[in-house]
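Contents: one structure, followed by commentary.
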Amino acid sequence: MTDIAAPPQGARRFGLSSAEAQARLRRRHAAEARFRAYGIGAIALAAIFLVVLIGDVIVKAMPAFTEYRLTMTVTPTLEQVSSDGTTDPQALRSGDYDAVLRRGLQELFPQVTTRALRRKLNNDLLSSGAAMTLRNRVLADPSAIGQPVTIEALLDDAADLYLKGLMTGRRESVGQGQAQVTLDGEDVVLTSSAPDFARALAEVKESLREEAAADRREAARLTAAAADVAGDQREALQKRIADLEGDAAAAEARAAAADAPERLTADLPSKLVFINGGIVKLTEIGASEARGTVLVPLANTDAVTAGGWDILTLTQPEANRRLDDQVVAWLEDLKQRGMVASHFASRFFTSGDSREPEQAGILGALIGSALTMLVTLVLCLPIGVGAAVYLEEFAPKNRLTDLIEVNINNLAAVPSIVFGLLGLAMFLNFFGLPRSAPLVGGLVLALLVLPTIIIASRAALKSVPPSIREAALGIGASHQQAVFHHVLPLAMPGIMTGTIIGMAHALGETAPLLLIGMVAFIVDVPGSITDAATALPVQIYLWSDLPEPLFQAKTAAAILVLLAFLFIMNGLAILLRRRFERRW
Amino acid sequence: MKFRSLVSVAALTLAGVAAAGAAQARDQIRIVGSSTVYPFTTAVAEQFGRSGAGKAPVVESTGTGGGMKLFCAGVGTDHPDATNASRRIKKSEFEDCKKNGVADIIELKVGFDGLTVANSKAGPDLNFTKEQIFLALAKEVPGPDGKLVANPYKNWSDIDKALPNEKIEVLGPPPTSGTRDSFLELVMEPGAEKVLADLKKSDAKAFAAAWKTIREDGAYIDAGENDNLIVQKLDANPKAVGIFGYSFLEENAAKIKGAKIDGVEPDFDTIADGKYSVSRPLFVYFKKQHIGVVPGLDKFIAEYVSEKALGEDGYLSRKGLVPLPTDQLAKVRADVEAQKPLAADAGL
């Protein structure tokens, strides 16, 4: 230890107090601090991604978890709901429940008499699921026939989207002046003592100005372009420029005449006036008066004081909406009467797929996934663990077992679609198993997961300390007893982890399911492993490709359900792992 | 031992699984085929199930070609009863069917699907000719001397000064999609015919290659099979142009607008009366031999052609299907109800 007591002269000095050593120490500390910062940064970044991703999915999914229902009272008569005049369940099942609902709606809006309007009332307000609700009610209690029945009828998806505020922006303003109502033939003329309509007119004029400016810009661009071309093309361009200039000039002239009345076309935001218990849609707007058509009849034509009437502006023009102003007016009227309300959409969790977005549920896919996973687990856990135990503990080490090992490792990297092709060729075509069945899906996914489980199980068995095995053998246990009584229970946590990873992988697979017919529209919730079924990721894929906006919300909601399923599956596995776990 | 009981339970279940695997008779209609017809056939399937006439059919989305292959593989309950197609059955497929014993096929033309070229509401109003679209998207276009050269057009205004001075950026379906095939046939081929009339006469093969090959330099972007994705991208990027089915334009009218093609705007009426030329007929093919074998198949066909489904105000038109004109529908309905099989000389 002389080197510590007296370092030889001329050798490097390792004193901790020298400036050099201090600098080195600072560098090392800085490096460590940097590394920690990188680590925290990486975790924070991952956390941000996760939060943004899941937050986005949750926000998008919200509309799928609520639904608007209309509380209405209808009186089903025997002639309507029974196909042969008896209360036999079979006859009641094929009754015309839509007719009952139609009459109920008619009673809500007795003033709707023309054929076109009645069709709109019957088609655009209620979902076709409303009749199913009524049917189930009558089937459950046939004594309700002939009696008034109050049901909560599901609204159509477009009406639902409107009420959720996803179809158009709404702006409500209270009437500032005293309003006079006069009838003029079919129309209603409204006047206000305050500049309520002048403000609305100014908005229209502003949009005209914008339109004119856009036309001018386009005309200027084309003029520049026309300088470079000749002949027919130039003539066509010049004609187009002249048209644009003309349009722009006309719009500007209209915008300049600040007090001249303007027509509200379907390309402009709609304005609905709520007055005297009715709803008027403005068709022409002037500085002090406005003209409109009645969408919901007015109780009377009395003058209304300031603050007693409202103007509702729907920012999305009628031409761009799936729901026209008439249906919006009915919905607003029902809302004022307190008959439509938002409820939790339990239907989403209790019904199968549907082509009507408001009725589509996840239960079919959820059960399909659960059945598929059950088949996969039951097959691949015993086979996988068995194979791993044999290969790791009993098999002789020779060329053949090496070859098997290499192949298992390769199988783990085979694209999943290949397993789908194998499933199609073997299980469907050779064994004649039914198409679209969770049984076949489970078989195919078991093949996919097996290599993962075998590899993980072998690693887990290898990590059990040899002392355990040797101690068991030392006190006279057979090889099999040593493995099954001592090594395997200790390896169980690792095996479970491998199984979880494999199953989670299988749960998210769609590609192999495509080939065996599980990418399908299936209304009925599967009851057994041979019924036609689909799976959660497939349902997400199918819904995401449909045009209705409510299906986009359902897609996000289905993603949440898939995540929840995954959490529950992993939670169960962790629970099981705890029970099997043994420490040494 | 806990573990041993787990193993024996697993083994028992395994045996049960194997026993249940025996093929069983079918009481449910099975349909395969095109993802374009899928939204319509599924709506009919659901209505059929609701009406109490039988179990709701299983409708798979396999693509037109894949569906035809399954459909033509044979007769019997192991094979599907019907297939959706976004184009007419090909002669080769028809012969394949015959060879495998699918002797009588009933053809049901359900309506039209318009193919739209659209952009964001915030973007300029577009008015294309098919020729311009060909020039914008083909891999090779005629150069100054008339010979085919790599597509030099970067901006729309390079093709025609009247078009916007923006980069050509078109989001469309990938090569595997039936929509892409239809787009090529309905837009690119007629467009090429105008530009390359001479080549068509002199070298039909080179001509076909010219309109079938879409440029790969980034102006055309494969946006995947999902049309909603294209709509979202258009909404985010007002300069981009997208290609997709009419029902998506209808549902998203608040965000996007359709471009005029040859001066005609895509809407319900122009597609129905044929003025808007970029539309394709949609079909469903049924196996006549399965009627009476698979319960409810005849009733399902009747539901499909009924007025409340296929009619002008039927529920399918509310799902975005452009229905057949009344006289055509009457003929289709009569043929289908008489179970008239598709003749070999039907001009496939």
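Note: Cβ is positioned from N, Cα and C throughout, glycine not excepted.
What TrEMBL records for A:37-59 (among others) is transmembrane segment.
The feature coiled coil is assigned by TrEMBL to A:198-254.
Per TrEMBL, transmembrane segment is recorded for A:362-391 (among others).
What TrEMBL lists as domain 'ABC transmembrane type-1' is A:366-573.
TrEMBL lists A:411-432 (among others) with the feature transmembrane segment.
What TrEMBL lists as transmembrane segment is A:439-461 (among others). Tertiary neighbourhood of the transmembrane segment (A:439-461): same-chain residues 368, 371-376, 378-381, 383-385, 387-389, 391-393, 408-409, 411-412, 416, 419-420, 422-423, 427-428, 433, 487-488, 491-495, 497-499, 501-503, 505-506, 509, 512-513, 516, 518, 529-530, 533, 535, selected by CB-CB distance under 8 Å and a gap of 6+ residues from either end.
Positions annotated as transmembrane segment by TrEMBL: A:481-501 (among others).
Outside the transmembrane segment (A:556-576) by six or more residues, the chain places 54, 57-58, 60-61, 64-65, 348, 362, 365-366, 369-370, 373, 496-497, 499-500, 503-504, 507-508, 536-537, 539-540, 543 with a CB less than 8 A from a CB of the stretch. Annotation comment: TrEMBL describes A:556-576 (among others) as transmembrane segment.
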Beyond the flanks of the transmembrane segment (A:37-59) by at least 6 residues, Cβ under 8 Å: 556, 559-560, 563
For the transmembrane segment (A:362-391), distant same-chain residues with Cβ under 8 A (at least six beyond the ends): 348-353, 401, 404-405, 438-439, 441-443, 445-446, 449-450, 453-454, 457-458, 461, 483, 488, 495, 499, 502-503, 506-507, 518, 522-526, 528-529, 533-536, 538-539, 554, 557-558, 561-562, 565, 569
Non-local residues, at least 6 beyond the ends, that sit with Cβ under 8 Å of the transmembrane segment (A:481-501): 377, 380-381, 384-385, 388-389, 393-394, 452-453, 455-457, 459-461, 463-464, 468-469, 471-473, 569-570, 573-574, 576-577, 580-582, 584
